[in-house]
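K.L.:
My structure is below; once you've seen it, I'll send some questions.
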Amino acid sequence: MLPTVFIVSDGTGITAETFAHSILSQFDQKFRLVRVPFIDSIEKAYDTVRKINDAAQHDGRRPIVFTTLVDGESNEIVKRSNALVLDMFQRFVEPLEQELQLKSSHAMGRVHQNADTEEYKTRIEAINFSLAHDDGQSNRNLADADVILIGVSRSGKTPTSLYLAMQYGVKAANYPLIPEDFERGKLPTPLHPHRDKLFGLSIDPMRLSEIRNERRPGSKYAAPENCRYEINEAEAMMRREGVKWLSSTHKSIEEIATTILQEIKLERQSY
């Protein structure tokens, strides 16, 4: 039976779940995740304790509980459950209060209840920009892009662009490199004024073939030799043009995005 892990939060639980994933990924073990968001009352806290204790009895072992509960009373209630409770706020906020000699706001859901803030608006603008400039569908306002990702079809440009926009508020456009570009031996014309914003994504040809076969099985588009040709040409072009690039083959979207931000010296826009 898989160990049970509860993600308990007074908000969406995204922060707690992200932290839990980072910690649990260090162990060669699968876990059963139970998400318990929006614990914004004493009654809900007691109900959560009942769920945790039921899981302990059913599993025959204590669950693991990651919490980001700001309300002190609710937090103490959950801590009385039959579980290993890992309190993120107490572990990190209290030492920071002492170090900074400041009192934290202790406001529930502060991280994600930000629809009226400039940071939130920046993120929404970035998402809209990335959607409008996906796969080269628009050349308008490319000068406003923070970064323009280039690469062959299905090399990871779209998910990376959207992740940069959603997570960091970065205006990320993406533009495909196609066989016609390789025949000319030049970057697509609309990209010429924006060379300083370009960053390339490549991928292993066989992995690219697998991905394309899911979309167009048996086609020339997905054939290994065609994928090999496109990747070789794309990488050669990026080297000629002095465009920084990386292989997305064995990297997560998070790793790709972080590398791009570091390579182009772009500071995170949202926090």
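Backbone N, Cα and C atoms are what each Cβ position is placed from, and that goes for glycine too.
Below are the features I grabbed from Swiss-Prot:
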BINDING   G151, V152, S153, R154, S155, G156, K157, T158  ADP binding site
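Each of these features: where is it, how hidden is it, and who are its neighbours?
P.N.:
With a cut-off of 8 Å between CB atoms and residues at least 6 apart in sequence, the same chain places I203, L208, I211, R212, R215 near R154 (ADP binding site), listed in sequence order.
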K.L.:
Within 8 Å of the Cβ centre of G151, V152, S153, R154, S155, G156, K157, T158, which other residues of the chain have their Cβ, at the recorded ADP site?
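P.N.:
Apart from G151, V152, S153, R154, S155, G156, K157, T158, the close residues are N174, P176, L201, I203, S248.
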K.L.:
Going by a 10 angstroms cut-off between Cβ atoms, which of the binding-site residues V152, S155, T158 has the sparsest surroundings?
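P.N.:
Among the binding-site residues V152, S155, T158, the sparsest Cβ neighbourhood within 10 Å belongs to T158.
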K.L.:
Where's the emptiest Cβ shell within 10 Å among the binding-site residues G151, G156?
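P.N.:
Minimum Cβ neighbour count within 10 Å, taken over the binding-site residues G151, G156, occurs at G156.
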K.L.:
Within 10 Å of the Cβ of K157 (ADP binding site), how many other Cβ atoms are there?
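P.N.:
For K157 (ADP binding site), the count of other Cβ atoms within 10 Å is 28.
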